[in-house]
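Remarks on the structure that follows.
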Amino acid sequence: MSEIIQDLSLEDVLGDRFGRYSKYIIQERALPDVRDGLKPVQRRILYAMYSSGNTHDKNFRKSAKTVGDVIGQYHPHGDFSVYKAMVRLSQDWKLRHVLIEMHGNNGSIDNDPPAAMRYTEAKLSLLAEELLRDINKETVSFIPNYDDTTLEPMVLPSRFPNLLVNGSTGISAGYATDIPPHNLAEVIQATLKYIDNPDITVNQLMKYIKGPDFPTGGIIQGIDGIKKAYESGKGRIIVRSKVEEETLRNGRKQLIITEIPYEVNKSSLVKRIDELRADKKVDGIVEVRDETDRTGLRIAIELKKDVNSESIKNYLYKNSDLQISYNFNMVAISDGRPKLMGIRQIIDSYLNHQIEVVANRTKFELDNAEKRMHIVEGLIKALSILDKVIELIRSSKNKRDAKENLIEVFEFTEEQAEAIVMLQLYRLTNTDIVALEGEHKELEALIKQLRHILDNHDALLNVIKEELNEIKKKFKSERLSLIEAEIEEIKIDKEVMVPSEEVILSMTRHGYIKRTSIRSFNASGVEDIGLKDGDSLLKHQEVNTQDTVLVFTNKGRYLFIPVHKLADIRWKELGQHVSQIVPIEEDEVVINVFNEKDFNTDAFYVFATQNGMIKKSTVPLFKTTRFNKPLIATKVKENDDLISVMRFEKDQLITVITNKGMSLTYNTSELSDTGLRAAGVKSINLKAEDFVVMTEGVSENDTILMATQRGSLKRISFKILQVAKRAQRGITLLKELKKNPHRIVAAHVVTGEHSQYTLYSKSNEEHGLINDIHKSEQYTNGSFIVDTDDFGEVIDMYIS
């Protein structure tokens with residue numbers, strides 16, 4: 001044989017070969033046939049077991065024998081893949097109705113591997129034989145196997161709609177399928193209604209076939225998703241576990257899971273829930289136990305006393321496979337091609353297959369009945385001239401001669417003559433003559449009935465309906481999955497996710513934030529906080545891990561940070577910079593921080609800028625679900641900075657102090673509530689080149705402490721302040737000097753909580769007691785504290 005060498009481009013060869021491969025795995029491996037709901041390997045397994053007599057009424061046989069038969073005759077692939085497919089057909093948590101019964105370890109819902117095939121035994125289930133019934137009556141086409149040594153069926157007769165009953169899942173080149181299992185009785189009832197009315201709508205079909213019926217039970221939510229899937233082949237539903245509540249003797253409650261979503265690994269689910277408990281992602285779970293035994297699936301989740309079990313359940317629905325979404329993708333092979341099919345198309349394809357199967361079976365039975373009728377007529381004729389027939393046979397030389405003589409003398413046909421010469425003597429009694437005449441009548445009636453079925457389409461459909469009803473009556477079972485119309489919205493209480501713990505929140509002027517246990521704080525003291533050189537504590541307070549921190553910056557933005565998301569860091573150690581939690585700009589600095597326990601409050605924030613703008617916004621506006629980026633708190637115009645954020649429970653007085661020593665005091669009731677993106681209104685009427693250095697709440701018992709650039713501190717009492725209206729110029733608090741005038745660089749309202757001050761110059765920090773600063777009159781410049789000739793001008797002041 002001479003070689004033929006072709007020059008082909010690699011691109012063409014790869015494209016051609018991959019196209020062939022794709023077609024093969026689509027048609028011959030991964031996708032089920034719409035007619036019998038089986039993939040090729042599943043079909044070959046069932047047929048091999050049936051043809052070898054490994055049926056439900058016989059003894060179990062070693063699985064290895066079946067696997068050997070399949071790969072030897074029909075499926076030349078690895079034995080493991082065949083055994084794996086065989087095992088799946090026996091798993092009652094995968095199939096709604098198992099097609100193979102298996103003795104031995106056939107795996108588990110924990111995804112444990114089955115025992116080796118040499119240890120397990122199997123046989124066809126009774127229902128599986130309904131897929132194969134009448135296969136020997138020329139009902140389906142056969143094709144040569146892979147080595148042309150025998151024949152295998154292209155499809156099984158499938159006397160019930162197996163694709164819908166047991167569903168299918170698979171992935172091939174460019175296609176995937178996910179068809180859920182359904183209740184057999186419901187599917188058959190829907191098929192019967194479709195036979196009666198081929199124009200039946202999906203809505204009408206759904207009166208009979210309610211939705212998927214998973215072997216693992218569970219609760220299905222979302223009728224709209226089911227309807228969409230039944231109409232188009234694609235849809236989405238929610239499947240959640242069945243969870244009940246029990247009360248233990250000690251008064252604690254426990255959640256008992258008895259049904260889990262389809263295809264969920266039970267051991268992985270238990271492990272996941274226990275991880276959520278161990279990692280303290282959910283507070284309130286004491287222990288998770290897998291109590292599954294021979295009586296059924298059971299997972300126990302023991303809860304702490306007085307916890308909200310409904311919230312725990314909702315958290316687990318959202319954060320574990322206690323609830324999953326199932327996506328329909330009903331792709332099957334139809335007319336040799338993969339198609340996305342709705343439920344009407346699937347039932348229609350199945351019905352057309354059954355029409356063909358029943359018609360072929362009827363033709364086969366009619367042919368056999370007519371052949372038998374012909375033989376019976378010959379036997380009856382022979383018995384009517386028995387003596388002559390016997391005499392002719394006795395005078396014949398041999399069997400062949402006898403047959404030829406019968407045909408020639410009495411005009412019997414070849415088939416009739418063969419039956420006569422094979423007739424045994426004991427059959428020549430009167431009883432057998434009567435039996436033959438009775439059989440003749442029965443055959444006449446049968447032939448008439450079979451011809452009627454072939455000639456009358458309605459009669460053929462009635463046969464299909466009768467046989468489907470028989471299967472329904474024999475194999476029907478109660479629905480396992482409960483269907484709920486709406487998808488329930490999951491609401492999770494924060495208390496469930498986060499253990500309640502009182503901690504110390506701290507923020508430094510350079511933006512380092514942390515939470516610290518009260519134990520660590522008490523062991524160290526405020527002064528021992530971990531700081532970088534040049535940094536100082538801006539604020540510290542006791543908060544709860546279930547609170548939320550709002551961090552406000554000079555750009556008019558705020559960061560929304562749940563306290564429990566802050567790193568738990570010892571008091572003596574450096575905190576975490578806010579930019580590592582939420583990204584902020586390089587020149588963006590923190591100006592204040594507050595914690596909120598409940599955003600449902602009448603409290604409000606007041607924002608004041610350097611250029612004299614002010615606004616008020618209620619606390620509920622700041623609640624959000626976005627943690628990953630800064631959010632707008634107030635609009636800050638170009639060349640301006642937010643310098644003050646205050647939180648008030650009710651309207652009160654605020655004082656504004658400017659760089660040139662002007663002061664204006666008015667009530668926040670003059671401010672209207674505005675949205676977060678508003679810029680606000682004018683707070684004070686500034687002089688040229690003046691700017692605001694302080695805006696803070698003030699009361700009658702407070703004093704004001706001011707620092708000037710020349711190192712002077714001035715302290716005044718509340719009575720010097722004159723309450724006025726917003727947007728006025730205000731009063732003067734400094735004595736104006738022609739040469740080197742004092743300018744206020746920092747000011748703070750001093751309350752009973754404050755006792756110390758710190759002045760910052762370019763190269764020095766000066767600490768002192770606030771009470772050592774005597775109260776001044778309105779038109780003075782205070783007392784010199786810092787020698788600016790030695791340490792430079794004062795740039796800031798901090799009180800504590």
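Glycine is no exception: its Cβ is also placed from the backbone N, Cα and C atoms.
Computed from a predicted structure; not experimentally measured.
Annotated features, as they stand in Swiss-Prot:
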{"type": "DOMAIN", "residues": "31-495", "note": "domain 'Topo IIA-type catalytic'"}
{"type": "SITE", "residues": "Lys39", "note": "site 'Interaction with DNA'"}
{"type": "SITE", "residues": "His75", "note": "site 'Interaction with DNA'"}
{"type": "SITE", "residues": "His77", "note": "site 'Interaction with DNA'"}
{"type": "SITE", "residues": "Arg88", "note": "site 'Interaction with DNA'"}
{"type": "SITE", "residues": "Lys94", "note": "site 'Interaction with DNA'"}
{"type": "SITE", "residues": "Arg118", "note": "site 'Transition state stabilizer'"}
{"type": "ACT_SITE", "residues": "Tyr119", "note": "active site, O-(5'-phospho-DNA)-tyrosine intermediate"}
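Structure with Swiss-Prot features highlighted.
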residue	record	Cβ neighbours (10 Å)
Lys39	site 'Interaction with DNA'	20
His75	site 'Interaction with DNA'	24
His77	site 'Interaction with DNA'	14
Arg88	site 'Interaction with DNA'	18
Lys94	site 'Interaction with DNA'	21
Arg118	site 'Transition state stabilizer'	10
Tyr119	active site, O-(5'-phospho-DNA)-tyrosine intermediate	13
Integer Å distance between the CA atoms belonging to Tyr119 (active site, O-(5'-phospho-DNA)-tyrosine intermediate) and Arg88 (site 'Interaction with DNA'): 16
C-alpha spacing of His75 (site 'Interaction with DNA') relative to Lys94 (site 'Interaction with DNA'), in angstrom: 23
Residue from Lys39, Arg118, Tyr119 whose C-alpha is spatially nearest that of His75 (site 'Interaction with DNA'), among the recorded positions: Lys39
Rounded to the nearest Å - Cα separation of His77 (site 'Interaction with DNA') and Lys39 (site 'Interaction with DNA'): 14
Cα separation, Arg118 (site 'Transition state stabilizer') to Lys39 (site 'Interaction with DNA') (Å, whole number): 24
Confidence summary for the domain 'Topo IIA-type catalytic' (31-495), mean pLDDT rounded: 92
